[in-house]
Amino acid sequence: MVRTFLVTLPQCLSSFLSLPGHGNHKEDSPFLNSNDASAKQNDYYDRNLALFEEELDIRPKVSSLLSRLVNYTNITQGAKEHEEAESAEGSRRKIPKSPSMGTLMGVYLPCLQNIFGVILFLRLTWIVGTAGVVQSFLIVLMCCSCTMLTAISMSAIATNGVVPAGGAYFMISRSLGPEFGGAVGLCFYLGTTFAAAMYILGAIEIFLTYIIPAAAIFRPSDAHGGDSAMLNNMRVYGTICLSLMALVVFVGVRYVNKFASLFLACVIISIVSIYAGAIKSIFHPPEFPICMLGNRTLVRDMFDVCGKTVVSGNTTIPTKLWENFCTSGNTSNPQCDEYFAQNNVTEIQGIPGLASGIIRENMWSAYLEKGEILEKESLTSVDVRGSLENLYMYVSADIATSFTVLVGIFFPSATGIMAGSNRSGDLKDAQKSIPVGTILAITTTSLVYFSSVVLFGACIEGVVLRDKFGDAVSKNLVVGTLSWPSPWVIVIGSFFSTVGAGLQSLTGAPRLLQAIAKDNIIPFLRVVLLTVDPSSCRCQVFGHGKSNGEPTWALLLTALIAELGILIASLDMVAPILSMFFLMCYLFVNLACAVQTLLRTPNWRPRFRYYHWALSFLGMSMCLALMFISSWYYAIVAMGIAGMIYKYIEYQGAEKEWGDGIRGLSLSAARYALLRLEAGPPHTKNWRPQLLVLLKLDEDLHVKYPRLLTFASQLKAGKGLTIVGSVIQGNYLESYGETQAAEQAIKNMMEIEKVKGFCQVVVATKVREGIAHLIQSCGLGGMKHNTVVMGWPYGWRQSEDPRAWKTFINTVRCTTAAHLALMVPKNVSFYPSNHERFTDGHIDVWWIVHDGGMLMLLPFLLKQHKVWKKCKMRIFTVAQMDDNSIQMKKDLATFLYQLRIEAEVEVVEMHDSDISAYTYERTLMMEQRSQMLRQMRLSSAERDREAQLVKDRHSMIRMGMPFLERGLSTQHSNVRRMHTAVKLNEVIVNKSHDARLVLLNMPGPPKNPNGDENYMEFLEVLTEGLERVLLVRGGGREVITIYS
């Protein structure tokens, strides 16, 4: 029991705190947790497994694992659980029941209910009349093919393991990573939210146009103000309807679920009535006459009799139609509209029937501009313009139409294919039911759409089909005129189905947002109220209010966004918006399947076998094409929203690791790139310093000199390779935890200093050995470091322990042997931070010997950073007495011009001079100090031996032995080196005392290790009096070129 408590407590705490970086525990752990302590005790004390008993706590027995898998249930936070929580019994803890829903009830019927919607009843007849049967067939084929291919990809992903709540969002995020998952999840959420707005607008359009037109609040002020009045009515009633629906969803999801079957029954009855009406029209077409003036279609509810005059007794009386077109009621001397006067009024059948052959006229498109009058081409007409004041009498187009516009309006009627995958937790066999149910549902709906296109084109007159609101048939729903037994069957059925679909969208969208927020990958969702249920150790982000976890705040946000769609007030404007978001979601479902298939990751083992990466790419291409076909500007906006969310999540640092395909794709791309780099060393034009930064840690494992990382970030500016290495002295078996802590400390410091790179900590018995290992083994393949950055061993003079400076010199020798460049920033604590800015000053380069051009390249790279950007570059070179300094300056200026580097050039002449007394004094001090340190490190016996050697040496000198010459030559060499260091330091300090940074050639260490202490002294003298110095040693190859 103790062990179980230790495991569950951190999980509970992490849920309370919602710390970033904590993934879903069910996904992270390789085995399912069990709270059965006795089972674990049995694991520990099994005689037959005594060989493994020490590891049975982390590697359970196979029998234990299988028993946990069998008892595992995946009850999602779906509608059923919320419904139970609302009931009185739901407050008591229940034993979870096994999912029992089959393919029909769990997938097929929910998909049918979500796919069939408002477009079928309100817009499909108009689409057929405008685009013609052929192009309408093509529109349906494109949309249904897109969803079918998406369903195949979705089936493959859904059957590759358990899909918890979240549906499409879960599949995409776990397949493509948190960035894509968050971006597409929010797009899917927005699409579902705008779908709710579209369904509400459809319901209000049915209510105000076909059920109770008298309920309109706003009335047209004149004959031409009908459109604006209708839009205002839609806004008012839409807002009221949205508020009522949101209230219903807030009160309880169970009410929505209880009426779901009723709404589905309405849809099915409505569709059946259409087929029944089409069959009946063969024998007895319904009576819906249309009044035509010439070849123009008249609004039928503006008059009673379709004629200019009627005969009452022996008197010819003008009709109401006459009165609308003529100013005088006298038929003998009329003042009528010119078009009305020259054309006859005729009446044609609105529903000729299936056997009429009307399909021949409806085969081809008849796209209209906004305000263009609906005309029947087969009727004769005198082509005169007529009065503009009488345009309200004709049926006209309310929007400009084209093939692309109709694609965007129709596509929402093909969405809804994710309903089955969203219920995976309630399915008895999700991996079988989801593919079968979804593909059968798409097949069924596609057949209904295809047959409806043909039936509408074959049964209904073309001008009636193009009449969006049924003005020509006395404000009847056009598809209702075909239905049997009454148009009211369609009107009532479509009204309730759209209301039900709107409720389903308002129910699903907040839960989708809640699922995204729970994953904790989008930081701005955290700022909204956070509630935690301590009893179940479950945190609910964006879900404050009810005890059962109803996402109240998410519902409020959903209602506000849906209100934006309501304010648009046009079904034809809202439909393309949600088309974009759904197409974006389907595109990434296809991409996820294709990426997983091509990568062939070991975990990609879907039970659904009838998929292929080519089909997924075809589906992805179709989604992208449909986005730009339907509305290119909406497509750009939708992609821009998804892109901004992606970059936001990436910038904030999505620390989730879900084993996604993008990570696998990155590994494959990295492997390919590394193999390409292995072909050979980079060309001089591509050479840039790939850094290995050697850091020193203090006793508390904190970075001792963080400004080394600052300098590295300023030099690299995020480009190329940076490896930060450190060495811990000790035994690896005992120091593993210390290594992990050191790595974390370095990574934290790298994040603070904005260094993008990798960290590697090595444990070694000696620090110098660890550094040698880092220099040799860091990097992979062609992606290896070519430059080492290390700090200066401060306080080496005062230290009795010579290991610090010996390690330093040993590292210099190792880099030389490995042909690597070396940079040693001296006085690194005085180097600027990333927040400082140098508004003036110089970067001085003292080019004494040529070692590949590093000294020229480094200032150029530093000046790319904002800290050093405004500094100017000066290059100094040293001329001897026998050099032509004037010619040297010209040659150097030409060289810099060819290198495309802007810098001031100066040649410093160093005259031959006698060695000064100061030089002798510094040399003597150096040698005396070396002798003293050597004496301090000797034991008493060794001191006596050393004293005897000194006596012997003096006796040899008196005897004139050859040792004298050898000693003098060594002393003379030290004096000459010290002379060079002193003279160079005088010149450098004189010229560069006010420079922001001085870059200087670093001399190599002596070949004889006995002179190492003297070498350190030479470097100290060389850099004395300078605030910031960067000692640079090339790697033996050219790193800069004059060629393009």
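Each residue, glycine too, has its Cβ placed from N, Cα and C.
Keep in mind that TrEMBL annotations are predicted by a computer and have not been checked by a curator.
Under the heading transmembrane segment, TrEMBL lists 102-126 (among others).
For 107-279 (among others), the entry in TrEMBL reads domain 'Amino acid permease/ SLC12A'.
The transmembrane segment annotation in TrEMBL covers 138-171 (among others).
According to TrEMBL, the feature transmembrane segment maps to 183-216 (among others).
Here TrEMBL flags 236-255 (among others) as transmembrane segment. Long-range Cβ contacts of the transmembrane segment (236-255) within its own chain (Cβ-Cβ under 8 Å, at least 6 residues beyond either end) map to 79, 82-83, 86-87, 196-197, 200-201, 203-204, 207-208, 215, 217-218, 499, 502-503, 506-507, 510, 550, 552, 555-556, 558-559, 562-563, 566, 569.
Annotation source TrEMBL lists transmembrane segment at 262-283 (among others).
Within the chain, the transmembrane segment (391-418) has long-range Cβ neighbours (under 8 A, six or more residues past its boundaries) at 111, 113-120, 123-124, 127, 130-131, 135-136, 139-140, 142-144, 146-147, 150-151, 154, 167-168, 191, 195, 198, 223-224, 226-227, 293, 296-299, 302, 324-325, 365, 367-374, 438, 441-442, 445, 449, 463, 466-469, 471-472, 572, 575-576, 578-579, 582-583, 626, 629-631, 634. Look at TrEMBL and you will find 391-418 (among others) tagged as transmembrane segment.
Confidence annotation: the domain 'Amino acid permease/ SLC12A' (401-692) carries a mean pLDDT of 83 in the model. Residues annotated as domain 'Amino acid permease/ SLC12A' in TrEMBL: 401-692 (among others).
As annotated by TrEMBL, transmembrane segment applies to 439-465 (among others).
Counting same-chain residues at least six beyond the ends of the transmembrane segment (485-503), those with a Cβ under 8 angstroms from any Cβ of the stretch are 113-114, 116-118, 121-122, 195-196, 199-200, 202-203, 206-207, 210-211, 241, 245, 248-249, 256, 259-260, 262-264, 266-267, 269-270, 273-274, 276, 476-477, 479. The annotation transmembrane segment is assigned in TrEMBL to 485-503 (among others).
Sequence annotations record features per position, and here TrEMBL assigns transmembrane segment to 553-571 (among others).
For 577-598 (among others), the entry in TrEMBL reads transmembrane segment.
The transmembrane segment feature in TrEMBL is assigned to 610-627 (among others).
Taken from TrEMBL, the feature domain 'SLC12A transporter C-terminal' covers 706-824 (among others).
Residues or ranges marked as domain 'SLC12A transporter C-terminal' by TrEMBL: 837-1044 (among others).
With a cut-off of 8 Å between Cβ atoms, the residues of this chain six or more beyond the transmembrane segment (553-571) that come close are 118, 122-123, 190, 193-194, 196-198, 200-202, 205, 231-232, 234-235, 238-239, 242-243, 246, 249-250, 506, 509-511, 513-514, 517, 528-529, 542-545, 577. In terms of DSSP helix, strand and coil, the domain 'SLC12A transporter C-terminal' (706-824) has 53 helix, 25 strand, 41 coil.
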